[in-house]
Amino acid sequence: MWGLGARGPDRGLLLALALGGLARAGGVEVEPGGAHGESGGFQVVTFEWAHVQDPYVIALWILVASLAKIGFHLSHKVTSVVPESALLIVLGLVLGGIVWAADHIASFTLTPTVFFFYLLPPIVLDAGYFMPNRLFFGNLGTILLYAVVGTVWNAATTGLSLYGVFLSGLMGDLQIGLLDFLLFGSLMAAVDPVAVLAVFEEVHVNEVLFIIVFGESLLNDAVTVVLYNVFESFVALGGDNVTGVDCVKGIVSFFVVSLGGTLVGVVFAFLLSLVTRFTKHVRIIEPGFVFIISYLSYLTSEMLSLSAILAITFCGICCQKYVKANISEQSATTVRYTMKMLASSAETIIFMFLGISAVNPFIWTWNTAFVLLTLVFISVYRAIGVVLQTWLLNRYRMVQLEPIDQVVLSYGGLRGAVAFALVVLLDGDKVKEKNLFVSTTIIVVFFTVIFQGLTIKPLVQWLKVKRSEHREPRLNEKLHGRAFDHILSAIEDISGQIGHNYLRDKWSHFDRKFLSRVLMRRSAQKSRDRILNVFHELNLKDAISYVAEGERRGSLAFIRSPSTDNVVNVDFTPRSSTVEASVSYLLRENVSAVCLDMQSLEQRRRSIRDAEDMVTHHTLQQYLYKPRQEYKHLYSRHELTPTEDEKQDREIFHRTMRKRLESFKSTKLGLNQNKKAAKLYKRERAQKRRNSSIPNGKLPMESPAQNFTIKEKDLELSDTEEPPNYDEEMSGGIEFLASVTKDTASDSPAGIDNPVFSPDEALDRSLLARLPPWLSPGETVVPSQRARTQIPYSPGTFCRLMPFRLSSKSVDSFLQADGPEERPPAALPESTHM
């Protein structure tokens with residue numbers, strides 16, 4: 001697979017000797033051969049290097065590349081000056097020299113099959129899946145001009161210039177024709193996306209400049225492959241046999257290959273989005289669909305002789321919105337890290353094997369004039385093409401490309417493994433000077449990656465190019481940006497112009513009305529309250545950072561430095577179970593579980609020692625983490641159970657929410673929570689005494705002060721209801737709905753009719769039946785306080801200005817005192833005629 005040579009068994013013999021020594025030291029008999037030797041006896045251990053040679057060598061090379069990457073980043077001074085790609089090429093040269101010194105043969109090399117089918121797809125898929133779509137499509141015209149016109153310009157000018165110098169006799173006697181020079185020019189025109197990503201990510205240029213260079217490197221590969229195939233077929237036919245019809249077919253082939261590859265990528269993107277819509281019950285295999293279907297788009301385009309790079313790029317671009325909305329948060333994290341890991345590993349292996357492949361004397365043919373003139377021509381014509389195309393673009397671009405940006409664009413035309421793989425694919429029988437082309441390509445790749453990669457960062461700093469800012473846009477910026485988009489879209493619509501904003505608005509409307517309904521699951525299509533989602537994420541981050549800070553300082557740091565902020569922000573009181581949510585269970589679990597006698601000690605003991613013990617006890621009880629139950633970690637092939645850290649973070653989040661709600665109420669009402677609880681308790685006991693003296697527990701209408709309590713049987717969850725799913729709760733938003741039903745609301749004392757307090761019949765009963773985990777038991781006793789947490793899901797369900805009550809009639813004493821007595825309606829006359 002890696003172009004292994006024939007001397008593998010010799011290296012395996014050395015490894016066999018080493019393993020044999022270890023085995024004999026351990027008392028194990030090791031003899032070469034099969035399971036039965038010449039003596040006919042059974043051998044305990046046999047050495048089968050040839051059986052595992054290929055996968056073992058591949059695993060070792062991946063391990064060496066990964067360890068080298070770790071070693072590079074141990075010294076920040078080196079990586080801040082030298083690009084990682086250049087270091088990997090140098091490492092490959094060193095390893096290739098060691099292998100050559102041991103075997104005197106190029107045992108390992110980067111073959112085109114391995115590069116195009118196994119190493120390049122993960123890199124391009126990662127670039128497409130994480131592509132900033134708005135920035136990419138906003139500069140799509142500029143990117144296409146540089147990718148199409150610029151690539152044709154570079155290929156034609158480089159090939160024709162080299163052919164002109166060859167005719168002058170400066171290159172000596174070479175067996176090269178015009179078509180051979182044009183074929184070589186098409187190879188040199190390929191700006192490699194791997195090299196561009198590796199260098200420009202470390203430079204951190206501004207977003208517009210980066211997306212132009214990166215987009216050009218992605219899209220110009222289609223033009224490069226088309227030109228390569230056209231000129232290779234012309235070379236096979238011979239210059240005398242090429243007709244005008246063949247040239248027209250070559251031009252048509254460019255559009256077919258480019259547009260066909262793009263269409264294949266879009267079709268597979270929609271297929272991937274549609275498949276992930278129905279993976280709700282098989283979450284564990286969601287990441288597999290993302291990688292398999294994307295890779296199938298690449299292979300399908302390669303099978304149809306279309307642009308495979310464009311196919312997998314647009315597959316990632318078009319599917320990212322729908323896939324991220326359909327899959328779970330855990331699957332999205334898996335896809336993100338796996339894709340980054342594969343892309344980084346493939347990039348590391350590519351650059352290292354570029355260095356290893358160069359250590360092979362049999363591929364080198366030196367021609368000083370050809371090599372130097374190639375370097376000069378690709379640099380000069382790249383700069384000329386950028387200047388001419390930018391002059392044309394600036395006449396229509398709103399944001400002009402400054403001369404400094406043009407210098408970076410000209411200097412960023414890096415060549416890499418794409419050019420090397422294409423030149424290795426050349427047929428040596430048809431292209432007589434293949435070794436010269438290979439040698440020159442290696443020199444060009446090393447020059448652009450190492451020299452230009454080393455100097456581009458100082459050049460950017462010297463020219464004071466605008467750098468990218470790694471920060472989140474503020475809320476004010478987001479609001480104004482969205483407002484400007486709507487305003488510009490309206491202006492273009494009124495004036496009759498079709499611009500970027502008009503097209504973006506029409507596409508958003510089409511996507512929202514048709515595509516999202518087909519490619520997104522229904523739960524993802526619902527309008528969600530983003531403010532609540534952001535609040536949910538902030539609380540989770542707050543809980544995680546709080547626990548991390550506590551672990552860093554030590555478990556008893558709260559005792560040594562108790563601060564007011566820590567007391568207010570986090571509450572480590574027990575929370576209710578998600579399975580049992582009845583009022584009786586909540587009241588039972590509200591009792592302190594540790595040393596109940598400490599409550600009475602505060603009233604009797606007054607010594608300093610006792611006071612310190614009580615403070616220490618209550619501090620430990622409040623702040624140390626107390627697990628609810630012992631979780632049984634069972635293995636499951638089809639489900640991904642949440643880890644202990646996720647459960648603890650979720651529990652701390654609920655405690656934080658409960659503490660903040662209590663702090664908010666006490667601040668708003670200006671009451672102490674202990675005094676308030678005592679008043680409520682006294683009022684409740686008085687109400688019970690009054691109810692006990694009245695038959696059926698109903699107060700007359702003339703009573704000036706009425707109160708009511710919640711019936712426990714009305715608030716208990718039914719046994720037939722499903723318990724809430726923990727995984728869906730982790731990935732969902734915050735729900736501020738208490739368990740109030742219409743039946744409960746109708747069973748209440750009499751009072752004044754008020755339609756404001758009547759419950760909404762259109763509201764879903766299942767939503768009302770869910771009790772927030774952070775809602776304290778006191779909330780279920782006082783309906784007026786519980787109503788403060790009943791925030792609707794979205795503006796579409798915001799139906800009233802007043803909170804829900806358990807009764808459709810007001811029971812406030814002052815309203816009953818001021819309101820008129822209820823009287824039967826007066827009988828109307830049968831006829832109201834005069």
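Yeah, the Cβs are placed from backbone N, Cα and C, and that goes for glycine too.
Taken from Swiss-Prot, the feature compositional bias 'Basic residues' applies to 679-691.
Using a 10 Å radius centred on the Cβ of Asn241 (N-linked glycosylation site) and all shown protein chains, the other Cβ atoms total 9. Positions annotated as N-linked glycosylation site by Swiss-Prot: Asn241.
Annotation source Swiss-Prot lists region 'Interaction with EZR' at 575-589.
Marked as region 'Interaction with NHERF4' by Swiss-Prot on the basis of similarity to another entry: 590-667. Over the region 'Interaction with NHERF4' (590-667), the average per-residue pLDDT in this prediction is 57.
The topological domain 'Extracellular' annotation in Swiss-Prot covers 26-51 (among others) and rests on a curator's inference.
Within the same chain, residues 453-454, 457 sit at least 6 positions outside the topological domain 'Cytoplasmic' (75-82) and bring their C-beta atoms closer than 8 Å to a C-beta of that stretch. According to Swiss-Prot, the topological domain 'Cytoplasmic' annotation covers 75-82 (among others), on the basis of a curator's inference.
The annotation topological domain 'Extracellular' is assigned in Swiss-Prot to 103-111 (among others).
Taken from Swiss-Prot, the feature topological domain 'Extracellular' covers 169-181 (among others), and the record attributes it to a curator's inference. Sequence-remote contacts of a segment are chain residues at least 6 beyond its ends whose Cβ falls under 8 Å from one of its Cβ atoms, and for the topological domain 'Extracellular' (169-181) they are 159-160, 162-163, 231, 234-235, 239, 242, 367, 369-370, 373, 431-433, 436.
Long-range neighbours of the topological domain 'Extracellular' (238-244) within the same chain, counting only residues 6 or more positions beyond its ends whose Cβ lies under 8 Å from a Cβ of the stretch, are 177-179. Look at Swiss-Prot and you will find 238-244 (among others) tagged as topological domain 'Extracellular'.
The topological domain 'Cytoplasmic' feature in Swiss-Prot is assigned to 324-330 (among others).
The topological domain 'Extracellular' feature in Swiss-Prot is assigned to 360-367 (among others); the stated evidence is a curator's inference. Here the topological domain 'Extracellular' (360-367) has, by DSSP, the following mix of helix, strand and coil residues: 3 helix, 0 strand, 5 coil.
If one looks beyond the topological domain 'Cytoplasmic' (390-402) by at least 6 residues along the same chain, the residues whose Cβ comes under 8 Å of a Cβ in the stretch are 141-142, 145, 208, 409. Look at Swiss-Prot and you will find 390-402 (among others) tagged as topological domain 'Cytoplasmic'.
Per Swiss-Prot, the feature topological domain 'Extracellular' maps to 427-433 (among others); the stated evidence is a curator's inference.
If you look up Swiss-Prot, you'll see 468-834 (among others) marked as topological domain 'Cytoplasmic'.
Per Swiss-Prot, the feature transmembrane segment maps to 52-74 (among others).
If you look up Swiss-Prot, you'll see 83-102 (among others) marked as transmembrane segment. Packing against the transmembrane segment (83-102) from elsewhere in the chain are residues 11, 64-65, 68-69, 72, 108, 195, 198-199, 202, 347-348, 351-360, 446, 449-450, 453-454: each is 6 or more residues past its ends and has a CB under 8 Å from a CB in it.
Non-local neighbours of the topological domain 'Extracellular' (427-433) in the same chain are 174-176, 180, 183, 232, 235-236, 365; each lies 6+ residues outside the stretch with a CB under 8 Å from one of its CB atoms. With pairs at least 6 apart in sequence, the transmembrane segment (331-359) and the transmembrane segment (133-168) have fewer than 3 Cβ pairs within the 8 Å limit; the two do not touch. Within the chain, the transmembrane segment (331-359) has long-range Cβ neighbours (under 8 A, six or more residues past its boundaries) at 2, 61-62, 64-66, 68-69, 85, 88-97, 99-100, 106, 108-110, 115, 118-120, 122-123, 125-127, 129-130, 194, 197-198, 283, 286-287, 290-291, 323-324, 416-417, 420, 442, 445-446, 449. Beyond the ends of the transmembrane segment (434-467), by six or more residues, the same chain brings 81-83, 85-86, 89-90, 174, 184, 187-188, 195, 198-199, 202-206, 209, 351, 354, 357-358, 363-367, 370-371, 374-375, 378, 404-405, 407-408, 411-417, 419-420, 423-424, 426-428 to within a C-beta distance below 8 angstroms of the stretch. Sequence-distant residue pairs (6 or more apart) of the transmembrane segment (112-129) and the transmembrane segment (368-389) include fewer than 3 whose Cβ atoms are under 8 Å, leaving the two stretches without contact. If you count C-beta pairs under 8 angstroms between the transmembrane segment (182-203) and each of 282-304, 368-389, 403-426, the highest count goes to 403-426. Shown for the topological domain 'Extracellular' (169-181): DSSP residue counts in helix, strand and coil, namely 4 helix, 0 strand, 9 coil.
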